[in-house]
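**Q** Below is a structure I'd like to ask you about.
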Amino acid sequence: MARKLGYLRFFIVCVIASIVATTHAQLQLGFYAKSCPKAEKIVSDFVNEHIHNAPSLAAALIRMHFHDCFVRGCDGSVLLNNTNQQAEKNAPPNLTVRGFDFIERIKSLVEAACPGVVSCADILTLAARDSIVATGGPFWQVPTGRRDGLVSNLSEATRNIPAPFDNFTTLQTKFNNAGLDLNDLVILSGAHTIGVSHCSTISNRLYNFTGKLDEDPALDSEYAQNLKKFKCKSINDNTTLIEMDPGSRKTFDLGYYNQVVKRRGLFTSDSQLLVNSVTNSLVNQLLQGSLRNFHAQFAISMEKMGRINVKTGTQGEIRKQCALVNS
């Protein structure tokens, strides 16, 4: 009996040691405090220096971060080039993603200070947060220690990234696959309060929703007519920009949710927040609450998203350039 108890104690100690080791291999605040103490300041300084010259980059960077995390986790794979044009950035959802050069410029500054230490995945995550804060949006904690992925695949991006034309079931599945719930779906959709999109993302809603040259009945008809008259004048318009939250696209506020309940959310995915009783209720709760409450919830969901399938420890690598795996 004593010997069995001894084995049991040994087993428990081993399990605890394994858990502790795993925990230490995970993300942590100030991960680079000793290895590259100025890393986070380099990122924030660059963002603060340049974002006011191009404030629309805040929406672009948070979108890039979002798209990165939904494919193989937050591992910077969206940043990779591929000689066969089969990388994530070549997938349809990413053809309008901007900010790659911006991240590469930050990476070069960090590399100059601490070669081979800070991952592109962390730089993207930090820059997305800092750009939102710099333009008046909420702050959230960014634990660091991510490592960069080695694979970037076009078909995975096409399959996994939530799309503007997705229905509720598809959205729920994609979020569930990423470890996110319906609350996260509603909260993270709130990022549509800033930024713009192209007419091509809603042309079918306006001109050919069911293949019969019709409008999407879920879209407010008056709003649809205004869009067709003043913005998206043709189903073939691929260049005109449209605000996702008209009138306050530069302000990280609750305006997006007001548009959604008026059936003026730009995308099919926006309208789908109203078809489910849970998400519908969450949208209305946000509108009944304060801006401070929305910001606090957004911070929680962003930190949660930033932890999706991260690579830590000895997984992946620390790229020297964000667009290329190390040779």
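Cβ from N, Cα, C; glycine included.
For reference, TrEMBL lists these features for the protein:
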ACT_SITE  H67  active site, proton acceptor
BINDING   D68, V71, G73, D75, S77, E88  Ca(2+) 1 binding site
BINDING   P162  substrate binding site
BINDING   H192  heme b binding site
BINDING   T193, D245, D253  Ca(2+) 2 binding site
DISULFID  C36-C114  disulfide bond
DISULFID  C69-C74  disulfide bond
DISULFID  C120-C322  disulfide bond
DISULFID  C199-C232  disulfide bond
DOMAIN    26-326  domain 'Plant heme peroxidase family profile'
SIGNAL    1-25  signal peptide
SITE      R63  site 'Transition state stabilizer'
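Distances, neighbours, how buried they are, the whole picture for these features please.
**A** When Cβ atoms from all protein chains are considered, those within 10 Å of H67 (active site, proton acceptor) total 21, not counting its own.
Remark: E88 (Ca(2+) 1 binding site) has H67, D68, V71, S77, V78, L80, N94, S152, N153, L154, E156, A157 as non-local neighbours, by Cβ distance under 8 Å and separation of at least 6 in sequence.
Using a 10 Å radius centred on the Cβ of P162 (substrate binding site) and all shown protein chains, the other Cβ atoms total 22.
Within the same chain, residues at least 6 positions away in sequence whose Cβ sits under 8 Å from that of H192 (heme b binding site) are M244, D245, Y256, G265, L266, F267, D270.
Long-range Cβ contacts of D253 (Ca(2+) 2 binding site) within its own chain (separation 6+, distance under 8 Å): T193, L291, F294.
Counting every protein chain shown, 16 other Cβ atoms lie within 10 Å of the Cβ of C114 (disulfide bond).
Applying an 8 A CB threshold to same-chain residues 6+ apart, the list for C74 (disulfide bond) reads H65, D68, A121, L124, T125, R146, M305, G306, R307, I308, N309, V310.
In sequence order, G76, L79, L80, F100, I103, E104, K107, C120, I123, L124, D148 are the residues of the chain that are 6 or more apart from C322 (disulfide bond) and have a CB within less than 8 Å of its CB.
When Cβ atoms from all protein chains are considered, those within 10 Å of C232 (disulfide bond) total 23, not counting its own.
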**Q** Can you tell which of C36, C120, C199 has the least company, meaning the fewest other C-beta atoms within 10 angstroms of its C-beta, among these disulfide-bonded residues?
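**A** It is C36 that, of the disulfide-bonded residues C36, C120, C199, has the fewest other Cβ atoms within 10 Å.
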**Q** Just to confirm: which same-chain residues, 6+ apart in sequence, have a Cβ under 8 Å from the Cβ of D75 (Ca(2+) 1 binding site)?
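**A** Once residues fewer than 6 apart are set aside, D75 (Ca(2+) 1 binding site) is near D68, A121, R146, R147, D148, G149, N309, V310, K311, G316.
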**Q** List the Cα distance (Å, whole number) between P162 (substrate binding site) and R63 (site 'Transition state stabilizer').
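**A** Cα-Cα distance, P162 (substrate binding site) to R63 (site 'Transition state stabilizer'): 11 Å.
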**Q** How many other Cβ atoms sit within 10 Å of the Cβ of G73 (Ca(2+) 1 binding site)?
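**A** Excluding its own Cβ, the number within 10 Å is 21.
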**Q** Using a 10 Å radius around each Cβ and all protein chains in view, which of these binding-site residues has the most neighbours: D68, V71, S77, T193?
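**A** Most Cβ neighbours within 10 Å: D68.
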